[in-house]
Structure formats: structure tokens, C-alpha cells
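Some features that TrEMBL has for this protein:
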{"type": "TRANSMEM", "residues": "35-53", "note": "transmembrane segment"}
{"type": "TRANSMEM", "residues": "65-87", "note": "transmembrane segment"}
{"type": "TRANSMEM", "residues": "99-122", "note": "transmembrane segment"}
{"type": "TRANSMEM", "residues": "152-176", "note": "transmembrane segment"}
{"type": "TRANSMEM", "residues": "188-210", "note": "transmembrane segment"}
{"type": "TRANSMEM", "residues": "243-265", "note": "transmembrane segment"}
{"type": "TRANSMEM", "residues": "331-358", "note": "transmembrane segment"}
{"type": "TRANSMEM", "residues": "379-401", "note": "transmembrane segment"}
{"type": "TRANSMEM", "residues": "407-426", "note": "transmembrane segment"}
{"type": "TRANSMEM", "residues": "472-497", "note": "transmembrane segment"}
{"type": "TRANSMEM", "residues": "503-523", "note": "transmembrane segment"}
{"type": "DOMAIN", "residues": "534-584", "note": "domain 'Cationic amino acid transporter C-terminal'"}
{"type": "TRANSMEM", "residues": "561-581", "note": "transmembrane segment"}
Amino acid sequence: MLRQALRRFGQKLVHRPPLKEPVPEDDPQRRLSTLDLVALGVGRTVGVGVYVLAGEVVSNQAGPSIVICFLVAGLSSVLSGLCYAEITARVPLSGSSYLYTYVTIGELWAFITGWNLIFSLVADTANVTRAWILAFANLLGNQISQTLRESILLYVPQVLAEYLVFFVVGLVLLLMELQTLNHSRFFLITKVITLMKLLVLGFVIISGFIKGDLHNWMLTEDDYIMAGLNDTSSLSPLGSGGFVPFGFEGILHGAATCFYTFIGFHNIFERVEEAQNPQHSVPMGIVISLFICLLVYFGVSSALTLMVPYYKLQPGSILPEAFLHIGWAPAYYVVAFGFLCSLSSSLLGSMLPIRQLIHKMARDGLLFPVLARIETGTYAPIVATVIFGITAPVMAVFFGLTDLVNFRSLGSLLAYSLVALCVLILRYQPQRRNEENEAEEQEENGPAAERLTLQGLLFPGSSTPTPLSGRVVYVCSSLLALLLTLLCLVLAQWPVLLSGDPVWISVVMVLLMLITGITGVIWRQPQSSSPLYFKVPALPLVPLLSIFMNVYLMMQMTAGTWARFGVSMLIGLAIYFSYGIKHSVEGVGMANST
């Protein structure tokens, strides 16, 4: 009895729902072209990162080498984008990482992915709120907090006086979301705002190369002395000068932070069912939007560090302030106005993915059903919008900009790693329509399908995937994810490795040999021949490289970020094991059929 109970419990954790039929390609709701998807991806991606985050990274993490940080983060995002492009071609349904992990590796990982994405998206909303206030306050000469302190400090605590404006913006954001009727009507506005962003940032790039000074990439201690600065300056430690003032470690930390600037492309695959010819337009939209964003970030970060010495950019600095340094005051207001318009559009749309995801998880029975309650006429999850519309400004009060950015990046890196794992697993699986058909197929193959030999691992007898080869890849992929995590943990101690410690070097060599051997086993398994418009090249190397880069960037996060992540995960797992696992629609259906 105990064995059967444990088996049923394990089956519920990895249970995968059958795929529903996608929206027909001639359906009237499929009206988004590739250009619409590119505008959506670029418009949602280019925002807080390029205007505010660059100053944070330049000032105390990377200096001029922020351009390398963006390249590293961009490469990781492109690898993840390739994996998303294949999985959306294979699963042409609107959703998110939650949906893709659910239909691939089971319910538990789907809940973990969805829960992390919810908190990450709330942190993203709080980030936009903080950046909007920062930009607006700078435009008004930082008079907001001063006025609040002078007018209401006698009546409320100083903390609330300092940050009361966040609650005001959160309330405005909430009212905007409740009044939103149909987001699809705003695609024309999205394209116009995206074009305006690119024009403003193009102006920044051209200005930087005109007014920039290459000497700002080669600063020395003499420059600090001439500027009246030293290592005890209140501006923060200045580093060692040159193009990489904070060393290789600064580039790694900066790349982990800069990853935040590339995660807006998830809005594209949330519109799969609205796309014309999704197997073509969605992969193209993802790849083109990421390429445009990489060019923009590389150009803007180069222009910024050429115009302004990195030590003059303090945390909290925004991009328009660079034009005050070079004496172009009118350009400051032009760029700042473009910044406000950009962030305002992000405020209008940043909560839509949150409530869609919450509604989906509540409808699947993994979250409380009250969160799926909709408002008649608008079809908006009213309870979810109210709860998380209040949570976002509260997070903006208690956490700094970098804290929120790192928390958002950590959740996204985990989700992207799981999607890469899903692509690796799906490519080697036999065709599956539902769980019953899979069980019948296993029974028809009989005992031979259950036989696993060393020769069968390296020289499979079938040219098409079988249930056995699919299980082999599933297990090997899970082992590879674990080994890559251990390798990243060891490589994070790279100063010890550079010292030549034989113990650490031996551990790295053993891990590399195990990873190589298991990768070879996966490579020898037969791949699915299902025709897809887009497939990730060089399987299994590209998904594994994506997982490695994502996990390594996760290892660069601070202890505080991991602590916040751990607390949110404990809350989520408590909800899942006390409620979700019992009320899951798919799990209940599986139990009834049993």
C-alpha cells in the first residue's frame, strides 16, 4: 500500500497534461504579423535597463566594460531565444514557460516555474514604477521627495514620507489595469512608441560617438587625482582604471545584472495564438527582436561610457543626465521625455502577463480559485489584479532597484534553463498525443522495450524515438542539469582555480568527463523527425550551453537575492503541497481515471 501511494504521489508530480488543439491558422483572431511581434518584443524589452540600469552597472560593477556585459547577457538570451523558438514551433499555443514545462517535464516543475514567474513579473512592475518616479523626479529637479518631507513629515513616519509616491503610482497603475478593455487595440500605439524609442536611442548613440572621448575607456589613477577623487571617495570604490576597472569578477556580476534588459521577449510567445503563421513569425520575431535589442544596448552603453567617465555615474543615474555632462541641456529634456513615454507604456502593459499567468494556474487548480475570478465584460482576473497591483508598489518601497532587477533576472534565468531542458527532452521523445496513448504504446512494445543495455545506450536499434530512448534522454538530461549546476558552483570559485589547487582542478575535470559522457549518450539517441519550421541547431550542445550560461549567471547573484528567492520558493511550495497537488485539474482527472 505504501509503495503504491508513493508511486501515485510521484506520478502526480511528473504528470503531463495532453495538448489541446491550437487555434486554426485561418481563425480571425490571428492578425499579428512578424512586424507586430518584433515591435512587441522590442517595445517590451527596451526600457528600464537601457535608461537606468546602465548607470547602476557602470558605476560599481563594470565601468566601460559594460559593453562586454551586454554581449555576454545577449548571447545567453539569444541561446534561450532559440530554444523558445523551437518550443513555440512544436507547441503552437499561447502561454509561457509555465505551459511549456507543464506539457514536457510535469506538474511540479510547472508550478515552480509559474510561481517564480509571478514574483519575477511583480518585481518587474515594481522596477518600472521605481524608474518612472526616478525619471520624473529628476526632470523636476528632485523636488518630489523634498516637498513630501517638508509637507507631511510631521504627520507620518519619515520612511512613508519618502516613498509615499510609490503608493500613489501603484494606485494609478491599478486603476489603469482595471479600466483596460482590450490590449490588442493598442498594437498600433505599441509600434509608434517602439519607433520613438529607437529614434531617441539612435540619437543617443550618434551623440555619444560625436561627443565621446576614447580616453574615458583608458582612465588611470592620475585622472582620478586630477578630478579630486580617491578610493575613499563617497562615489564608491573607483576600481583600478582602464577599460575593465573592476576586473573579470565585475564583468560577471554586471552580465548577471544586465540579463534583466533582455527578458522582455517573453511577450512574443504569449501571443502565439494571435500570430499569423506562428511557426514562421514567432521564431523570426524572437530572433529579430533580440538582435535589435543587442545592437541598441551595445551602442547606448558605448555612447554613455564615452561621453561620461564611469566614476561620475552614480547609482540612480539615468541616461539623460549624460547630456548635462556634455552641455547639451535641450537634449536632456528630449531624451527624458522619451524615457517617460517608454516607461508609461511599460506601466500600462506590465501587469497583463501576471494576471494571465495567475488566471491560468488558478484554472488548472494549482492556485486558489478566487484568483481566477474575472470581471464580467472585461474578462480581467479582478482579484489577481487587485492583489498584485498592491504588491508591486510595496516591493518598490522595501527593495532597491538592483535588488528587484536581480530577483527578476534570477526567476527568468531559472525559467529559461527549464525551457532549454524541455527542448532537449522533447526532441528525443516519440510522438505523444495523450498519456493513455503513451501507455498503450509501451504495452505494445512489450518486455523488449524495457530492456536497457550498454550497447543499446550507444547504438540504439531504432532510427526513430521509442519510449525507452525517450526515458533515457529524460534521465540523462536531468543528470546533466545537476552536473552543470555543480560545475557552475565550482567555476564560481575561479580565483581558487587560477591558483592551481589540484583538488578543485580534479573536481572540474571529473565533472567535465561526466558531462561529456552523458552528452554523448544523448547524442546517440534517435531524434524526432516531426517537421518543424524551426529547430535548434547543433543539438544537444546549444540547449546545454544555454543551461550552462544561465546557471552560471545565476551563481553571480548576491546572497540577499538568493535569500529572497528562497523565501518566495518556500511560500510557493507550501501552497503547492497543501493545496495545488490535491486540487490540480489534471491530477484529479488522473486519479479518477485510475
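Cβ coordinates are placed from backbone N, Cα and C, and glycine is handled just like the others.
The structure displayed is predicted, hence computed values, not measured ones.
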Criterion met for the transmembrane segment (35-53) and the transmembrane segment (472-497) (at least three Cβ pairs under 8 Å): no
The transmembrane segment (407-426) touching the transmembrane segment (561-581) per 3+ Cβ pairs under 8 Å rule: yes
Residue counts (helix, strand, coil, in that order) that DSSP gives for the domain 'Cationic amino acid transporter C-terminal' (534-584): 39 helix, 0 strand, 12 coil
Within the predicted model, mean pLDDT of the domain 'Cationic amino acid transporter C-terminal' (534-584): 89
Sequence-remote partners of the transmembrane segment (243-265) [C-beta within less than 8 Å, at least six residues beyond its ends]: 41, 43-50, 53, 56-57, 60-66, 68-70, 72-74, 76-77, 81, 84, 217-219, 286, 289-290, 293-294, 297, 310, 402, 405-406, 408-409, 412-413, 494, 553-554, 556-557
Among 99-122, 407-426, 472-497, stretch most in contact with the transmembrane segment (65-87) (C-beta, under 8 angstroms): 407-426
Residues from the same chain, set at least six apart from the ends of the transmembrane segment (407-426), whose C-beta lies under 8 A from its own: 76, 79-80, 83-84, 86-87, 90, 96-97, 100-101, 104-105, 109, 112-113, 116-117, 119-121, 123-124, 127, 256-257, 259-260, 263, 266, 399, 470, 473-474, 477, 481, 522, 528, 536, 539-540, 543-544, 546-547, 550-551, 553-554, 557, 561-562, 564-565
